[in-house]
């Protein structure tokens, strides 16, 4: 007997998502207009919490769907306007271009990346040393490249590793789905679970590494550039100003990496299973034997394009996304990828996340229009100058954990500059606050995927369901790093930032510009 149209509509709504999840979302959609009618401020915070919930349930349903429904309703009931959302997207066009083109560009270099990281995996048998290598490499690259680019590279490599083992273990062709484990026997399934744990730990070490390196330089994160511009700092000024906080935090982050691996706590410590190592080694040997001069030339070209990529990004020759587009053009042209469908595969990873990020901008527009952060900012500016540093750091960290850290950093640096213009603080205090804001948005935000765009990209990537990396598991695995980075950062902001900056000023390494210079 055929079901009714109403039942069919309900089954189609969010597809295979659990019934309880569908009912929750329907409840949100009914509740929000009612709360907005009573209190727009409360409704705004409710929307933020609901959006975080959809991110937390990313493995139940891709957040674009439920989050998008909530955002569309927010527009309809007047929590924000379509024009404001357009402005937010326009303001973040560089990030959108980055996601569309840079992530796709990395796809065309995956042969070289897989070769390099396969040698790295097979060459370093110690899991602790391997974790350090991933964490340090991610930190170094993120100091000069964008964190999303770095994470995209590591994701591409991890999917490659997973695919090699899964296809061999399940006796399937390259085109088969990687999510289906039905063909695996119990022994191979157990090995696969250990391999998943191994990949999860490497991905988290690399993800945290992007935060450790990204905080150090003005090009490491988008909000760093905004803060540096507001304070009138050059690349060297920024590096030195942030060093009293960023260097101790980096050292403690590396120590944390070693400790969690040695103690095998918080989901870390799983070594590469020997059956997987054997398969990867056999794959590497076969690839080497089958490699023709044409294949070798492709690897050489990809290596040269990699040099171009790093050089162009380090020298800021163009917007990151446009550099990514040049990578696509060069790699596809010189490696002979001419079919439209083959080129189209490069974009399948990034476009859903780009759409999700646009929905996120709609939520940011609601946060601005409903003045959700206004009470917190007012409270912080009422504190004494010395306490302002730690309060700015803590509230930046708290809000960056639940919201976009680019948005939070922008809001706080604008408020600090407004206080400078009104004579509430002087130029020196403004520069101290700029460091507190920068470190506050970058360090504690590793607590959840919401704060770090790179973490959110990892959570919603094709890799996450393969290695069983859920929102809750990411929060749990990030917890030791969150505690260490937050507390060490807070201690440095409170105790070492001011004296070390005074020493830099006295030594002539940096200088405080006149207040009038900062106001322009």
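Just so it is clear, glycine is given a Cβ too, placed from its N, Cα and C backbone atoms.
Per Swiss-Prot, the listed range annotated as transmembrane segment is 475-495 (candidates: 412-432, 475-495). When the ranges 27-49, 165-187 are checked against Swiss-Prot, the one recorded as transmembrane segment is 27-49. Contact between the transmembrane segment (97-117) and the transmembrane segment (303-323) is present: at least three CB pairs lie under 8 Å, with pairs separated by 6 or more positions in sequence. For the transmembrane segment (348-368), the residues of the chain that approach it from at least six positions outside its boundaries are 44, 47-48, 51, 62-64, 67-68, 71, 74-75, 79-81, 84-85, 87-89, 92, 95-96, 99-100, 103-104, 107, 152, 155, 403-404, 407, 411, 453, 456-457, 460-462, judged by C-beta separation under 8 angstroms.
Most Cβ pairs under 8 A with the transmembrane segment (62-82) among the ranges 27-49, 120-140, 144-164, 202-222, 475-495 are made by 27-49. Segment contact holds for the transmembrane segment (303-323) and the transmembrane segment (144-164), given three or more CB pairs below 8 angstroms at sequence separation of 6 or more.
Non-local neighbours of the transmembrane segment (202-222) in the same chain are 92, 94-95, 130-131, 134-144, 146-147, 150-151, 154-155, 158, 228, 233, 235, 238-239, 242-243, 245-246, 249-250, 253-254, 257, 267-268, 313, 316, 405-406, 438-439, 441-443, 445-446, 452, 454-455, 458, 463, 467, 469, 474, 477-478, 481, 485; each lies 6+ residues outside the stretch with a CB under 8 Å from one of its CB atoms.
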